[in-house]
Amino acid sequence: MDNSIIKLQAREILDSRGNPTVEVECTLACGVKARASVPSGASTGVHEAVELRDGDPKRFGGKGVKKAVAHVNETIAPQLIGQDARAQAGIDGMMIALDGTPNKAKLGANAILGVSLTVARAAATAADLPLYHYLGGPNAVRLPVPNMNILNGGVHARWQGADFQEFMVAPYGASSFREALEWGSEIYHALRTVLMDKGHRVGVGDEGGFAPEVSSNEEPLELIVQAIEKTGLKPGADVGIAMDPASSAFFEDGNYHLRTEKRTVSAGEMVDYYEKLIKTYPVVLLEDGLAEDDWEGWKILNARLGGIIELVGDDLFVTNVERINRGIREDVANAALIKLNQIGTLTETVAAVRMCKKAGWGAFVSHRSGETVDSFIADMTVALDTGHLKSGAPARGERVEKYNQLMRIEEELGDAACYAGKEAYVRAVRF
Ligand SMILES: C=C(OP(=O)(O)O)C(=O)O
Ligand SMILES: [Mg+2]
């Protein structure tokens, strides 16, 4: 088998929000072809690697990615032709050097990531291995808990409802991934009924969860508990709740502006609020409870709640080992969100997960609010054995494709498969 890359071809495709994104195809000398595409966030952290957009207002309001596509076809491809696709770290390193900036501003993290992922998939195909097995070896047998975002707010719901962006159900009490997904789907449908019974609208947000006009950030928790109970499952024992307020989006001038609740509060008061919610509802994970540069606030948050629940930094850490390292040193959280396109290569993403594990932290793999049907993160979650992921509601093609891929992996692993359950969370022991 000749694993050398003979062709890399990028193109502009559309993501789930109808915005352009990058897709890259890789051809190897042995004839293998693979394809990968790049997701895109809406509540992006300011410290993320640069997603290169054309800025031409006449096309997609400036959101075209023709420049990123050209960088793959004209700058990256000529350098990588002839490289062995199995040399992932070397290839990623070459692209980082070719870009030469600290945040991939020159070529674009969207260009670089498209190549990084398609090369990995081509090498796996050439080795005749499923992607999770190629990336993770014989250790890749644990299926993650799916954290399903069934109620959307914040920027993903155009600020129509809750300030908090994501309310997810985590069916950690199931005995398999398939059962967990089934529970999540039943809760999702039950929530629709609960909402309709209360006169709420049941339109959905960017990640497929319902986006009702609630009057507080607590109300969604109450509605979700009712939906869980409606299915006959036990909130806390069978199913926990994960929340991503994505608070950088409502942080301004040193305070948190809760528009839904018509009040402005300090970091300390936000922590008080979270403590109250956590005591009342079965919340096991809180992501971006405070803003991306509020390091002092995060210290308070972790000191108060880090012993009870998993505290995940998304905008705070942006899958970047330098920021995660600072977080470990300063003891501000106990987990990092893992998003490939925040950092821009597979190799750097693996390094971020490794750093979390070494510190005893959680690594919570995530999709983006703008997605494609590429299910790379499903395989990667199993390969890196991170135990939990979030991929939106158990509805909408681009979200369920990740969950469906995980069901396929579970089936393929057969008796070797195990389900992460509660142990996936750094602190879910209170239930
Ligand atoms: C998935 C998220 O949203 P986005 O992709 O818009 O950043 C998130 O904030 O965790
Ligand atoms: Mg987030």
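The first residue you see is number 1, and the count goes up from there.
In case you wondered, yes, glycine gets a Cβ from its N, Cα and C as well.
TrEMBL lists Asp244, Glu287 as Mg(2+)-binding residues, and of the candidates Asp253, Asp272, Asp314, Asp315 the one it assigns to that same site is Asp314. What TrEMBL records for the substrate site is His156, Glu166, Glu287, Asp314, Ser366, His367, Arg368, Ser369, and among Lys276, Lys299, Lys390 the residue it adds there is Lys390.
Of the residues Gln165, Gln226, Gln405, TrEMBL places Gln165 in the same (2R)-2-phosphoglycerate site as Lys339, Arg368, Ser369, Lys390. Asp244 (Mg(2+) binding site) and Gln165 ((2R)-2-phosphoglycerate binding site) have their C-alpha atoms 6 Å apart, to the nearest angstrom.
A Cβ within 8 Å of the Cβ centre of Asp244, Glu287, Asp314, the residues given for Mg(2+), is found for these other residues of the same chain: Gln165, Glu166, Pro245, Ala246, Leu286, Asp288, Val312, Gly313, Asp315, Leu337, Phe364, Ser366. Highest local Cβ density among the recorded positions Glu207, Asp244, Glu287, Asp314 belongs to Glu207, counted as other Cβ atoms within 10 Å over all protein chains shown.
If you check the recorded positions Glu207, Glu287, Asp314 against Arg368 ((2R)-2-phosphoglycerate binding site), the ones with a Cα inside 10 Å of its Cα are Glu207. Under DSSP, the residues of the domain 'Enolase N-terminal' (5-135) split into helix, strand and coil as follows: 53 helix, 26 strand, 52 coil. Cβ neighbour count for Arg368 ((2R)-2-phosphoglycerate binding site): 28 (other Cβ atoms within 10 Å of its Cβ, all protein chains included). It is Gln165 that, of the binding-site residues Gln165, Ser369, has its Cβ surrounded by the most other Cβ atoms within 10 Å.
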